[in-house]
Amino acid sequence: MSVMVARKKVVRKWEKLPGRNTFCCDGRIMMARQKGIFYLTLFLILGTCALFFAFECRYLAVQLSPAIPVFAAVLFLFAMATLLRTSFSDPGVIPRALPDEAAFIEMEIEATNGTVPQGQRPPPRIKNFQINNQIVKLKYCYTCKIFRPPRASHCSICDNCVERFDHHCPWVGNCVGKRNYRYFYLFILSLSLLTIYIFTFNIVYVALKSLKIGFLNTLKETPGTYPSTSLTVLTVLEVLICFFTLWSVVGLTGFHTFLVALNQTTNEDIKGSWTGKNRVQNPYSHGNIVKNCCEVLCGPLPPSVLDRRGILQQEESTAQEESCPRGPSTQETTAAQGPGGQAEESSAQQKDGSLPHLSAVPAPSLSNAEMPEEKQLTSGELPVPSQDAGQAEH
């Protein structure tokens, strides 16, 4: 005969999280689903630095100083570390409301606003919050079913509310928020320094070569031993990549330096939250550049509230076949049955006289529609045992 055995299956919380994110390494790495531009970022950084270390660094270390490749390596490793930290971390995603919490919030909103006549637009769902004697509006998110905290916003690409949302950056493949903004700023700052460094020493390399054999001869240099022709072409390619990168990366670094000094986000700057017609002052600014920079870049980093690697236990019922021996045990089971063919109450007792656990007794499976109206269960309710079931148990 076949016996139903309940087996627990361990499921991590990141497997059930809503939103459009991808997880790797058992939930330790969290990124957006659109990662194509992130791979392009890795390719440009790794490719340019590999060419610089393979060709120019050896010549410059001999002709000028061995410290040139060492400092370049430090900048490269720091830029890569901050890039990966920005891309692989939780930017500050706010969990969505549970069904019970969402229902409670909806009841509060309906009680506050009252019933809206049909055809009329319901009033906006906003709560006023005071920060530093300044009124800040908390907006309701219809997707996450929560009132967003101050400075939070819903990312349409990742489909999550992010605390202190700055912007969604496709170049790093993730949102930039409260938990990874400092790493994003350090990444673009170190990348700007690395780009300027490589661009400068590429020009120095070409200048040193030109002083010996001339600029045109440097471009036309074709000895048969070492592939200097490809070396010159790759050097020019590096110069072009660094030149066009300077305009974007250095400009972006300057813009975010300005935002850090004012303790402001990109989202607030685009919307004109503190520089609009009302001329409302920024309640988060300390009025001091040093204090603002210390809060944004050196303040305490809040922990993630997602608990991505938390455990959710789900039960799986599997059917296992067991061979029952023929003999007295079968006859005893038949004899234990009453006239109606059902097992009597005494047959449920174990050898030691105790009753089996409730999970071992199969319960009749009735759909919600087949149950009486007063016993139908809604989502989230736990079934209440009836009096008959309690008497049968005892």
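Quick reminder: no glycine exception, Cβ is built from N, Cα and C everywhere.
Automatic prediction, not curation, is the source of TrEMBL annotations.
Mapped onto DSSP helix, strand and coil, the domain 'Palmitoyltransferase DHHC' (137-271) counts 79 helix, 19 strand, 37 coil. The domain 'Palmitoyltransferase DHHC' annotation in TrEMBL covers 137-271.
As annotated by TrEMBL, region 'Disordered' applies to 315-394.
Using a Cβ-Cβ cut-off under 8 Å and counting only residues 6 or more beyond its ends in the same chain, the transmembrane segment (37-55) has close neighbours at 31, 69, 72-73, 76, 79-80, 83, 87, 170-173, 191, 194, 198, 201-202, 231, 234-235, 237-238, 241-242, 245. Feature annotation from TrEMBL assigns transmembrane segment to 37-55 (among others).
Feature annotation from TrEMBL assigns transmembrane segment to 67-84 (among others).
Same-chain residues lying 6 or more positions outside the transmembrane segment (183-208) and placing a CB less than 8 Å from one of its CB atoms are 45, 48-49, 52, 56, 59-60, 63-64, 68, 71-72, 75-76, 78-79, 82-83, 85-86, 89, 166, 169, 172, 176, 215, 218, 235, 238-239, 242-243, 245-246, 249-250, 252-253, 256-257, 260, 296-297. TrEMBL lists 183-208 (among others) with the feature transmembrane segment.
Under the heading transmembrane segment, TrEMBL lists 228-250 (among others).
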Close approaches to the transmembrane segment (67-84) from elsewhere in its chain (Cβ under 8 angstroms; 6 or more beyond its ends): 41-42, 45, 49, 52-53, 57-58, 60-61, 172, 183-184, 186-187, 190-191, 193-194, 197-198, 201
